[in-house]
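Inspection log for the structure reproduced underneath, given as structure tokens.
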Amino acid sequence: MAAAEGGEVKLIGSWPSPFVLRARVALNLKGVEYEYLQEKPGPKSELLLRSNPVYKKIPVLLHHCKPVCESMIIVEYVDVVWAAATRAILPADPYERALHRFWAAYIDGKLFPSVVAIAKDEPKMAKVEAVEQLHTGIKLMEEAFERLSKGKGFFGGDAIGYLDIALGCFLGWFKVCEEVTGLKFLDEEKSPLLVGWAERFCSDEAVKDVMPENERLEEYTKLCRAFAAD
Amino acid sequence: MDQSSSLKFLGSWADSHTHRVRLALELKGLVFEYQEEDLVNPSPDLLRHNPIYKKVPALLHDGRAVVESLVILQYIDETWTDKPIMPADPFERAIVRFWCHFADDKLGPAVGLVFSSVGDGQKAAVDGVHENLKLLERELRDGAFKGRRFFGGDNIGLLDIVLGCGSYWLAVFEEVMEVKLVDPDTFPLFHAWLRDFEEQKEVKETIPPIDKLLKYARGIRQMMLSLSTDTITTIIGAPATGNTTSNNDAAVEEIGLLQESIVL
């Protein structure tokens, strides 16, 4: 386990959040010891409001009591601060970095809203568009995987990298979307490379103990929808 | 500086994301070829290099395309490492990235909303900009950027580029919409930073003349106001209450594209 670099490390999070999962996977990859502070349902904690006054959102990494907000910003921060610990999360080559960052932004801008719309059971029109957007997005990610992995197991090559974290932490939510719609988003026929990659990602040491179980995510989704309907 | 590679960049003269890239290239002293794009009719080049979004800016380095302005800026900084625009310290880099995200996610859209607002919506839109500027003013006064001339310190950095290339719209909208957005009494530090930024040599060479921007903004605003109220609510994003004609649809699309270029 890597030492906490002379200062304690805390992560404020919430177990269903794919964004929090990104931060946890990055910390686990680097072997960083950290205290995980689970936000309780209901009003946000004082610590969270103080640490992220602009967005009031998780995840927030606290290192030497200084807050780092936004999941992929946390991933880059962890990658540099604990650079000596293990192999880099971001590629060394600037062009490859640009591709990883581009696709991570695409996931957040296009795939995430689709997942939310489907999981939340938005009105029909929005859901139809969301389903289409998710199908399109996964097709593009399959093509991106082929180019970026260069025949290896991950977007980052031999091991989990930046884009693996960005996309992989949504895998649980893709399954929820499949449950909700009865459709297949990641399937052997249309996205064989991603199916193989998903298994490798989910079974990785840095991921398997922190990835929420499907049943738990599905229960959570049902609860949210019931709550919203009231 | 040794630049043995070829650089070409596709942009649009009134697009603030294009200005971000141009300013970064100028600050780094890089030689590049520029291709002006029509926002409404992207060239085959642009469609080939940015098939996902079909938008400017696109940077071509030895024929390989990098798109999305924040991705491009970091690419430029990491490829040509002289005169860095990102700080060296990881925590400072995280702060810069956070506020860049804020600029694109909160402040920019709030400013855009002022421009597309009509009637009673205008006051709410102006209040929205003020709420977001307050957050920045606070950081300049007491927070991460306390005591600095620029967000990047003594020199223009990546966050200055991101915030600065688009902040000129604040002055333009103040005039076109007849609203007050950056009151020097309410936002003294932001106001001072903006004036200082705009005086820098490379910034003056990048940002188009204000009268050209005013004319452009007035033109779009007039186009918007000449459409039906229903169509305007479509542009703002609220549900339309009636039907729009096919002429209106085309105009809406054009205005939407042009508007997207007018963001912080």
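From the backbone N, Cα and C atoms, a Cβ is placed for every residue, glycine too.
Note that this is a predicted model, so its numbers are computed, not measured.
The annotation domain 'GST N-terminal' is assigned in TrEMBL to B:5-84. Here TrEMBL flags B:89-220 as domain 'GST C-terminal'.
For the domain 'GST N-terminal' (B:5-84), the DSSP counts in helix, strand and coil order read 29 helix, 17 strand, 34 coil. The domain 'GST C-terminal' (B:89-220): residue composition by secondary structure is 97 helix, 2 strand, 33 coil, according to DSSP. Note on the domain 'GST C-terminal' (B:89-220): its mean pLDDT in the predicted model is 95.
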